[in-house]
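Quick notes on the structure that follows.
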Amino acid sequence: MLGEQAYLDLCKQIFKTGEQRGDRTNTGTHSIFGHQIRFDLNKGFPLLTTKRVPFRLVASELLWFIKGDTNIRYLLKHNNNIWNEWAFEKWVNSADYQGPDMANFGLRSQKDENFNKQYQEQMELFKTRILEDDSFADKYGDLGSVYGKQWRNWKTTQNETIDQLKDVIHSIKTNPNSRRHIVSAWNPEDIPTMALPPCHTLFQFYVSNGKLSCQLYQRSADVFLGVPFNIASYALLTHLIAHECGLEVGDFVHTFGDAHIYSNHVEQVETQLEREIRDFPQLIINKDKNSIFEMDLDDLVIENYNPHPSIKAPIAV
């Protein structure tokens with residue numbers, strides 16, 4: 001099964017055969033191991049239609065990765081809050097933090113309305129300081145050796161760096177039949193310094209008949225909240241690299257390790273499964289820019305996107 005139906009079938013499969021498991025966040029999940037879905041990128045841009053997926057958040061996060069940035073300040077400047085909780089956790093667990101107790105803020109904010117008000121107030125103060133205070137942003141806005149660092153500045157044992165993204169684009173242009181068009185974000189040495197070890201760990205490109213395809217291996221997949229973003233993000237990355245390399249797009253193949261639905265997302269997924277699939281939108285890339293490294297948010301436009309309404313759900317931190 002291709003396209004959005006494959007995603008919905010994954011949700012159904014997790015409900016049908018998934019194992020109930022504990023997890024790092026103490027939320028609990030329904031989980032399966034080993035699954036694959038596929039999208040033909042010539043049949044529209046895979047921004048799910050059974051709920052609204054905010055394209056500008058997807059695009060600004062990807063551009064953040066592409067820039068090699070690891071500080072949430074760039075994201076906040078683009079009204080993107082999807083990484084805030086991990087930076088905030090570092091702040092409230094530090095000796096410098098003197099505010100109210102924020103232990104287990106992810107779960108407590110869902111269960112305690114009074115605490116949630118405190119949490120929201122502290123988060124807004126944190127965001128403001130990140131945007132306005134350079135030294136504070138340098139210390140508490142940085143997430144460590146996460147995706148952007150590994151993609152663009154992988155450290156070697158020789159104290160040199162490897163720009164994996166630049167190298168893979170060069171490889172696609174000069175040796176399209178290579179089986180080594182690979183970028184890895186999983187660096188065992190750096191795992192302890194990351195705010196969150198990479199969930200989408202490795203991707204590989206494949207050129208055939210003038211078309212560029214991409215396969216992603218994702219070790220851990222939050223199927224309701226994260227996976228719709230991941231699908232759109234790697235589809236966008238494939239489009240951008242194809243654009244630079246003078247290729248058409250082929251398939252995006254999404255391979256999962258632990259694919260799970262959090263216990264507090266079950267009702268939301270059930271709502272989504274009741275909705276009818278609509279046509280995918282189209283992606284328009286500014287033709288006046290060629291290099292992926294020159295792209296800005298305004299160079300990427302989605303047209304004819306007509307999704308069902310968004311479905312809110314808590315994030316597990």
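A Cβ is built for glycine as well, from the same backbone N, Cα and C atoms used for every other residue.
Around the Cβ of ARG24 (dUMP binding site), 9 further Cβ atoms fall within 10 Å across all displayed protein chains. In the three-state DSSP reading, ARG24 (dUMP binding site) counts as coil. Look at Swiss-Prot and you will find ARG24, ARG179, ARG180, ARG219, SER220, ALA221, ASP222, ASN230, HIS260, ILE261, TYR262 tagged as dUMP binding site, backed by sequence analysis.
Here Swiss-Prot flags CYS199 as active site, nucleophile, drawing on sequence analysis. In this structure, CYS199 (active site, nucleophile) belongs to neither helix nor strand by DSSP; it is coil. Long-range neighbours of CYS199 (active site, nucleophile) (same chain, six or more residues apart, CB within less than 8 Å of its CB): GLN218, ARG219, SER220, ALA221, ASP222, GLY226, ASN230.
According to Swiss-Prot, the (6R)-5,10-methylene-5,6,7,8-tetrahydrofolate binding site annotation covers ASP222, ALA316, on the basis of sequence analysis.
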With dUMP as the bound species and ARG24, ARG179, ARG180, ARG219, SER220, ALA221, ASP222, ASN230, HIS260, ILE261, TYR262 as its recorded binding residues, calculate the greatest Cα-Cα distance and give it in Å as a whole number. 36
Counting only residues 6+ away in sequence within the same chain, which have a CB under 8 Å from the CB of HIS260 (dUMP binding site)? ILE14, GLY18, ARG21, ASP23, THR29, HIS30, SER31, ILE32, SER220, ALA221, ASP222, VAL223
